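Quick look at what TrEMBL annotates:
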ACT_SITE  His66  active site, proton acceptor
DISULFID  Cys35-Cys113  disulfide bond
DISULFID  Cys68-Cys73  disulfide bond
DISULFID  Cys119-Cys315  disulfide bond
DISULFID  Cys196-Cys228  disulfide bond
DOMAIN    25-319  domain 'Plant heme peroxidase family profile'
SIGNAL    1-23  signal peptide
SITE      Arg62  site 'Transition state stabilizer'
Amino acid sequence: MAACKRLVVACFFLVLLLAEANAQGLKVGFYSKTCPHAEGIVKKVVFAAMKKAPTLGAPLLRMFFHDCFVRGCDGSVLLDSSNNQAEKNAVPNLSLRGFGIIDDSKAALEKVCPGIVSCSDILALVARDAMVALEGPTWEVETGRRDGRVSNINEVNLPSPFDNIAKLITDFRTKGLNEKDLVVLSGGHTIGMGHCPLMSNRLYNFTGRGDSDPSLDSEYATNLRKKCKPTDTTTALEMDPGSFKTFDVSYFKLVAKRRGLFQSDAALLDNSKTRAHVLEQARGSTFFHDFGVSMVKMGRTGVLTGRAGEIRKMCRVPN
């Protein structure tokens, strides 16, 4: 009897999740009839690009994150501006790369099924396929988004590498994401690079008194000081030292040892829930699955569906 009740409860929550997705107009296989080869076309473009430049994986993942956290997942981060006032011109977005992969995917799709696949869906598919190309996690991408027409530099207010845990939790909750999602998505730092200006204050002037961040492992801090001098603005640092090209759980193991590069990484240990999730992910058995689940949740943020927005002909400009 207890088992039956648990099954009923599980089915109830599954129905709720499906209803949420359907209510927003998103579903896996949205283009199965209108552009049945859409996902294969995007995957081919992504894999070819990643074979030439595998370091594009991290910025492509960040691009989707940065898009969804401003105006929702509507492709607004892709828009250009004649006066440099679009989202991509904001400081946190200046390090994004890979816009050409979105353009190439859109061009390939327009040849086969013009006016069908949105740029916001392309971005969601590219983020997934870039991770697969790195032999990282995969997940089924819900599609059906439409594209926004507005991109404003003044609306870019993203979670920051300098944020404390309270602000991180609040920022994620406003997007419908919980503490586990915060930790799991922070695991994206297992790939890619950071730069000295983003963490020099942790090394040289944490409280304004010429001190270092006491939450940073002292041996790791010593090694970082050898690479980053106080005035260094260019040197790149591996966010997951020794494993920054590989999507794995080593990021969580480093955070647990107080060797997270950013303040926002270290902050994950400052809350009982997020700390527990860090330790859980460090064990490694569920990270790939959990990452996919959280990416799907994030991909539902503020989407435009139905008759809202448009299907751009080119991803850099509204129709």
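For all residues, glycine too, the Cβ spot is worked out from N, Cα and C.
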Item to check | When distances run from the Cα of Cys68 (disulfide bond) to each of the disulfide-bonded residues Cys35, Cys113, Cys119, the nearest one | outcome: Cys119
Item to check | Confidence summary for the domain 'Plant heme peroxidase family profile' (25-319), mean pLDDT rounded | outcome: 96
Item to check | Lowest local Cβ density among Cys35, Cys68, Cys113, Cys119, which the record lists as disulfide-bonded residues, within 10 Å | outcome: Cys113
Item to check | Alpha-carbon distance [Cys113 (disulfide bond); Cys228 (disulfide bond)] in Å | outcome: 49
Checklist entry - Nearest to Cys196 (disulfide bond) in three-dimensional space, by Cα, is which of the recorded positions Cys35, Arg62, Cys73, Cys119? => result Arg62
Checklist entry - How long is the line from the C-alpha of Cys119 (disulfide bond) to the C-alpha of Cys35 (disulfide bond), rounded to the nearest angstrom? => result 14
Checklist entry - For Cys73 (disulfide bond), what residues in its own chain, 6 or more apart in sequence, show a Cβ-Cβ distance under 8 Å? => result Phe64, Asp67, Ser120, Leu123, Ala124, Arg145, Met298, Gly299, Arg300, Thr301, Gly302, Val303
Item to check | Cys113 (disulfide bond) versus Cys315 (disulfide bond) - Cα distance in angstrom | outcome: 15
Checklist entry - Rounded to an integer, what is the Cα-Cα distance in Å between Arg62 (site 'Transition state stabilizer') and Cys113 (disulfide bond)? => result 28
Checklist outcome for this item: Integer Å value for the Cα distance linking Cys35 (disulfide bond) with His66 (active site, proton acceptor) is 27
Next on the checklist: Measuring Cα to Cα, how many Å separate Cys113 (disulfide bond) from His66 (active site, proton acceptor)?
Outcome noted: 28
Checklist entry - Counting only residues 6+ apart in the same chain, whose Cβ is under 8 Å from the Cβ of His66 (active site, proton acceptor)? => result Val77, Glu87, Pro92, Asn93, Leu96, Val156, Leu158
